[in-house]
Amino acid sequence: AVCVSLLGAANIPPHPLNLINFMEMIRYTIPCEKTWGEYTNYGCYCGAGGSGRPIDALDRCCYVHDNCYGDAANIRDCNPKTQSYSYKLTKRTIICYGAAGTCARVVCDCDRTAALCFGDSEYIEGHKNIDTARFCQ
């Protein structure tokens, strides 16, 4: 039975490593009663895509993160969504490693800044799963 379970798990596509890193950073900075998944499909920018003006401070964190990834994508051979990087969670902060200006460091700094911003911003339940066609134009 263990083999069957492992074989079944092998068919689940893995998340890109940096997404796992970003999720870990978010979990480290947000209130205990929240999960990182509650930050997807929040406002106009948290989750895939984005348009219009951010609706609050938390949504602005995602807007800034999207733009940061856009800037990182201009670095030669840099794909922010799949770039792995090294970091450390310590004493309520996040430390990114690597040479300044490299793809890995820039992407880590994007994720670090967003995660810390999430931790500092109010989560408004009514801004989860909003009608983006209506509120994000």
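Start at 1 and count along the chain as shown; that gives each residue its number.
Using N, Cα and C of the backbone, Cβ positions are placed for all residues, glycine too.
Feature annotation from Swiss-Prot assigns signal peptide to 1-9; the stated evidence is similarity to another entry.
Residues annotated as disulfide bond in Swiss-Prot: CYS44-CYS136 (among others). In this structure, CYS136 (disulfide bond) belongs to neither helix nor strand by DSSP; it is coil. The C-beta environment of CYS136 (disulfide bond), restricted to residues of the same chain at least 6 apart in sequence and closer than 8 Å, consists of GLY43, CYS44, GLY50, SER51, GLY52, ARG53, ILE55, ILE130.
The annotation Ca(2+) binding site is assigned in Swiss-Prot to TYR45, GLY47, GLY49, ASP66 on the grounds of similarity to another entry. GLY49 (Ca(2+) binding site) falls within neither a helix nor a strand when secondary structure is assigned with DSSP, and so counts as coil.
The disulfide bond annotation in Swiss-Prot covers CYS46-CYS62 (among others). DSSP assigns CYS62 (disulfide bond) to a helix. For CYS62 (disulfide bond), the Cβ neighbour count at a 10 Å cut-off comes to 23, with all displayed protein chains included.
According to Swiss-Prot, the feature disulfide bond maps to CYS61-CYS117 (among others), an assignment based on similarity to another entry. If you take the C-beta of CYS61 (disulfide bond) and look for same-chain residues 6 or more apart in sequence within under 8 angstroms, you find CYS46, ALA114, CYS117, PHE118, SER121.
The C-beta environment of HIS65 (active site), restricted to residues of the same chain at least 6 apart in sequence and closer than 8 Å, consists of TYR45, CYS110, ASP111, THR113, ALA114, CYS117. For HIS65 (among others), the entry in Swiss-Prot reads active site, with the evidence type similarity to another entry.
Taken residue by residue with DSSP, CYS110 (disulfide bond) is part of a helix. Of all Cβ atoms in the protein chains displayed, 25 besides its own lie within 10 Å of the Cβ of CYS110 (disulfide bond). The annotation disulfide bond is assigned in Swiss-Prot to CYS68-CYS110 (among others) on the grounds of similarity to another entry.
Around the Cβ of CYS78 (disulfide bond), 17 further Cβ atoms fall within 10 Å across all displayed protein chains. The disulfide bond feature in Swiss-Prot is assigned to CYS78-CYS103 (among others); the stated evidence is similarity to another entry.
What Swiss-Prot records for CYS96-CYS108 (among others) is disulfide bond, and it gives similarity to another entry as the kind of evidence. For CYS108 (disulfide bond), the same-chain residues that are 6 or more apart in sequence and have a Cβ closer than 8 Å to its Cβ are ASN21, TYR85, SER86, TYR87, CYS96, TYR97, GLY98.
Neighbour count (other Cβ atoms within 10 Å of the Cβ, all protein chains): 27 for ASP111 (active site). Sequence annotations record features per position, and here Swiss-Prot assigns active site to ASP111 (among others).
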Shell of the Ca(2+) site beyond TYR45, GLY47, GLY49, ASP66, same chain only (C-beta within 8 angstroms of their C-beta centre): CYS44, CYS46, ALA48, GLY50, CYS62, TYR63
Residue, out of the disulfide-bonded residues CYS44, CYS68, CYS96, CYS117, whose Cβ gathers the largest set of other Cβ atoms within 10 Å: CYS44
Least buried by Cβ count (within 10 Å) of the binding-site residues GLY47, GLY49: GLY49
